[in-house]
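If you check Swiss-Prot, you get these features:
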- 1-16: compositional bias 'Low complexity' (COMPBIAS)
- 37-46: compositional bias 'Acidic residues' (COMPBIAS)
- 83-105: compositional bias 'Acidic residues' (COMPBIAS)
- 160-173: compositional bias 'Acidic residues' (COMPBIAS)
- LYS239: SUMO2 cross-link (CROSSLNK)
- LYS420: SUMO2 cross-link (CROSSLNK)
- 283-335: domain 'SANT' (DOMAIN)
- SER10: phosphoserine (MOD_RES)
- SER141: phosphoserine (MOD_RES)
- TYR155: phosphotyrosine (MOD_RES)
- SER160: phosphoserine (MOD_RES)
- SER166: phosphoserine (MOD_RES)
- SER367: phosphoserine (MOD_RES)
- SER369: phosphoserine (MOD_RES)
- SER377: phosphoserine (MOD_RES)
- THR448: phosphothreonine (MOD_RES)
- SER483: phosphoserine (MOD_RES)
- SER488: phosphoserine (MOD_RES)
- SER491: phosphoserine (MOD_RES)
- 1-63: region 'Disordered' (REGION)
- 75-173: region 'Disordered' (REGION)
- 366-512: region 'Disordered' (REGION)
Amino acid sequence: MAEPSVESSSPGGSATSDDHEFDPSADMLVHDFDDERTLEEEEMMEGETNFSSEIEDLAREGDMPIHELLSLYGYGSTVRLPEEDEEEEEEEEEGEDDEDADNDDNSGCSGENKEENIKDSSGQEDETQSSNDDPSQSVASQDAQEIIRPRRCKYFDTNSEVEEESEEDEDYIPSEDWKKEIMVGSMFQAEIPVGICRYKENEKVYENDDQLLWDPEYLPEDKVIIFLKDASRRTGDEKGVEAIPEGSHIKDNEQALYELVKCNFDTEEALRRLRFNVKAAREELSVWTEEECRNFEQGLKAYGKDFHLIQANKVRTRSVGECVAFYYMWKKSERYDFFAQQTRFGKKKYNLHPGVTDYMDRLLDESESAASSRAPSPPPTASNSSNSQSEKEDGTVSTANQNGVSSNGPGEILNKEEVKVEGLHINGPTGGNKKPLHADMDTNGYETDNLTTDPKLAHMTARNENDFDEKSERPAKRRRVNSNGKESPGSSEFFQEAVSHGKFEELENTDD
């Protein structure tokens with residue numbers, strides 16, 4: 001079969017047998033052109049299938065024994081051979097023929113049956129010979145049957161399983177396993193090892209004998225109820241809390257029942273004894289004194305809810321049971337609220353206000369305010385001696401000028417090292433000369449003679465002359481000496497003094 005020549009060219013380029021890169025044109029990219037000719041060409045290039053190899057394989061399989069052929073196709077020894085099936089069928093037929101021959105001995109038809117058996121056997125032999133002559137046909141038919149049969153069975157099996165599942169879902173009856181079983185009895189008891197038990201078989205746990213508190217077998221229940229009603233009946237002599245009437249329900253008075261047991265279940269004797277000990281019969285809690293309450297609260301602060309330690313160390317006049325009973329009564333009283341506020345005992349309760357929605361912020365604010373109230377205030381720092389001396393030297397009374405800035409703050413004071421390096425600060429260039437530019441003028445151009453006429457400045461100069469020896473070691477403040485040899489304040493100090501007091505007229509007088 002000759003291959004058709006493909007010489008037609010595609011829009012992107014020529015489609016020949018030579019390999020080349022496919023270069024799509026602009027039209028193909030714009031219009032999303034899909035050229036499927038390449039797939040067809042590849043299929044044509046593969047060529048037609050070679051049937052000669054398949055024929056050779058079939059011929060080789062025809063000469064192959066049946067067991068090798070089955071193993072080749074994945075069928076093991078589980079597949080039954082046709083010869084075995086035929087042999088089993090022959091044996092079954094022979095068995096049936098033997099039974100028929102035994103039954104027909106008296107009928108005289110044995111000869112005919114034998115002839116039929118011979119014919120049947122001859123026919124079967126012919127069939128076996130024909131099957132042996134054509135092994136390929138029998139194998140092919142057998143393979144087809146064996147391949148098709150399990151598929152059909154599997155299909156029907158799956159359908160049957162689905163049907164069974166659907167039926168089970170519809171008719172599902174829950175089992176009884178989900179019910180809880182009460183594990184009571186000898187079979188559910190744990191086996192305790194011998195080494196764990198601390199007592200022997202006949203050994204007592206404690207020395208004292210057991211005391212019987214109640215035995216329900218002596219008196220019937222109705223008589224016990226009548227006895228409890230008589231025991232709780234009022235005599236009319238009660239006072240205070242005891243005079244409060246009780247409900248109509250029957251109280252299980254353990255003390256009265258215990259008295260009945262001690263009286264050998266004699267109800268009259270038990271009632272007579274209960275009248276002499278009314279408090280014990282009604283189990284009324286005696287009143288605690290103020291000292292006992294105070295000691296109990298101190299014990300709660302010290303030991304918490306360890307009532308054994310509270311009774312042993314703080315409240316020795318009461319038993320542990322009385323302390324526990326008093327604790328639950330005390331917790332419902334106003335005394336507990338006051339105790340909780342003082343000692344923060346128990347859980348903290350927050351009052352809910354209708355105007356507050358975010359209680360977390362309120363809690364944080366309360367904790368911050370509590371922390372700030374507990375924190376000690378910082379001690380007042382002592383004023384620097386140099387600052388106080390400089391304030392005295394400047395003679396300023398007010399601490400702020402018109403702009404609200406301190407006139408002479410601590411930041412303006414210079415150290416010794418800074419003074420030595422920096423020198424004098426004037427309007428002109430900086431120099432190390434401590435004298436003014438002119439004998440009668442200061443650094444700002446004012447005459448020093450007129451400045452000394454001011455009574456305030458005169459007072460300051462007198463004070464500076466007296467403290468000259470003491471302040472010679474402090475070069476933070478510059479001293480300026482006029483032509484007369486007297487000390488005059490600096491221009492910056494005088495200007496600050498004038499501005500702070502608003503005396504600009506003095507500046508005009510000094511200019512004159």
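Backbone N, Cα and C atoms are what each Cβ position is placed from, and that goes for glycine too.
Helix, strand and coil counts from DSSP across the domain 'SANT' (283-335) read 34 helix, 0 strand, 19 coil. The number of other Cβ atoms within 10 Å of the Cβ belonging to SER369 (phosphoserine), over all protein chains shown, comes to 10. Long-range C-beta contacts of SER367 (phosphoserine), restricted to its own chain and to partners at least six residues apart, with a cutoff below 8 Å, are absent.
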